[in-house]
Amino acid sequence: MKDVILIANAGSSSLKISIFEIQNKKVKDKIYNIFLEKNVNKILFHINKKQESATDIKDDAIEMMIDLFEDWWKKQENLNLIATGHRIVHGGKNFNKPVIVYEKVSKDLTVLIPLSPLHQPYNLQVLDLFLQKYKEISHIACFDTSFHFTNPPITKAFGLPKKYYDKGIIRYGFHGLSYKYVSSHFKEMTKEDLPTKTIIAHLGSGSSLCAIKNGLSLTSSMGFSVLDGVMMGTRTGNLDPGVVLYLIDHEKMTTKEVTELLYKKSGLLGMSGESSDMRTLLASNSPDAKFAIDLFVYRIVLEIGKLTAALEGVDCLIFTAGVGQNSAVIRKMITEKLLWLGIKIDDTKNQKNEHLISTSDSKVKVFAVPTNEELIIAEEVMKFL
């Protein structure tokens, strides 16, 4: 029988479950990649990218996903579940590292739902369901915000009265699990030490950038929420707060409508009027699609400039996540606007998606590497066993 740990990443309409084999107290291989998604009135169940079933939705979708998983799990007689790990988007001001979850911790995390209303409820719903169904094992919560606890106070503050800072209205930063994976596995992937002043660009459906100094997060593009920073697939990125006030006061939009607009109808999708998928936009002949891509690139270039200033220089730029690792076109568009940093890209290496894509005489080393949030959670879980 194989000992395994389960890693869960829940969204509003989907649940990703990765199952890793454990040998000699170390994470060995991912043996199952399970994806459940809500599709119109059915829940689709995929195992290792193959659809296994389509079930009519008759109840709460997330609860049904867990039940479908459990039905499948009961048939896996050769697997022994020893722990679960859960991606939790927001850890607030108190959770600066992964924790074993018990009743009080679960209540403390529930209090943070207003800080991440579109992610935290589903993260916690799945966590609580696993707590109920598998009481005899440990359940570990890993936070996207924890990596940024090393940010100095000056980088966290808004220009609001201090009482709001004290209440936790600060810049938290997100995608921390991705940044932790890339920074901690960098030498393993590239055979090089992580340079002192590094900027990591996590570019996917959600995008952010992080300035890392001596291996620690200094500041990042996302702030109080995952809306901040660069433009994303469906999110606005950095937005003048006056726009929100205008939408409410003059466009007569409700806060719910504004939330829907900022999180789900903006970004690449809103600007192009076509898609949030970069591959679709790159293949499009639409002027609006081209403008959306140009704006995406422009905002990223500005953010790299800002983070370079925060670091007082930059030694290394790392692209990661779906777009960052895989789109040679987007990397080229970004780096062509960074010639002032002395960046030079080897077009052949870039087209091949090699890890090191800069030339030997580039003043800043540029890399394109994968991220693996599930694996970094699995490694964190093992520290508790």
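Including glycine, each Cβ sits where the backbone N, Cα and C put it.
All protein chains included, Glu373 (Mg(2+) binding site) registers 23 other Cβ atoms within 10 Å of its own Cβ. In the three-state DSSP classification, Glu373 (Mg(2+) binding site) falls within a helix. Taken from Swiss-Prot, the feature Mg(2+) binding site covers Asn9, Glu373, and the record attributes it to sequence analysis.
For Ser205 (ATP binding site), the number of other Cβ atoms no farther than 10 Å from its own Cβ, over all displayed protein chains, is 16. Per Swiss-Prot, ATP binding site is recorded for Lys16, His202, Leu203, Gly204, Ser205, Gly206, Asp277, Met278, Arg279.
Secondary structure at Arg87 (substrate binding site), as computed by DSSP, is strand. Among the features that Swiss-Prot reports, substrate binding site is placed at Arg87.
Annotation note: Asp144 (active site, proton donor/acceptor) sits in a coil segment as assigned by DSSP. The feature active site, proton donor/acceptor is assigned by Swiss-Prot to Asp144.
If you take the C-beta of His175 (site 'Transition state stabilizer') and look for same-chain residues 6 or more apart in sequence within under 8 angstroms, you find Asp144, His202, Gly206, Ser208, Cys210, Ser220, Met222. What Swiss-Prot lists as site 'Transition state stabilizer' is His175 (among others), and the listing cites sequence analysis.
Summarising the annotation, Swiss-Prot assigns site 'Transition state stabilizer' to Arg235 (among others). Listed in sequence order, Gly206, Val226, Leu227, Leu262, Tyr263, Lys264, Ser266, Gly267 are the same-chain residues at least 6 apart in sequence whose CB falls under 8 Å from the CB of Arg235 (site 'Transition state stabilizer').
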Out of these recorded positions, Asp144, Asp277, which one has the fewest other C-beta atoms within 10 Å of its own C-beta? Asp277
Going along the chain, which residues six or more apart from Arg87 (substrate binding site) have their CB under 8 A from its CB? Ile7, Ala8, Asn9, Ala10, Asn123, Cys142, Asp144, Leu177, Glu373, Ile377
Determine the C-alpha span of the ATP site listed in the record, that is the greatest distance between any two of Lys16, His202, Leu203, Gly204, Ser205, Gly206, Asp277, Met278, Arg279, in Å to the nearest whole number. 23
Going by DSSP, give the three-state secondary structure for Arg279 (ATP binding site). helix
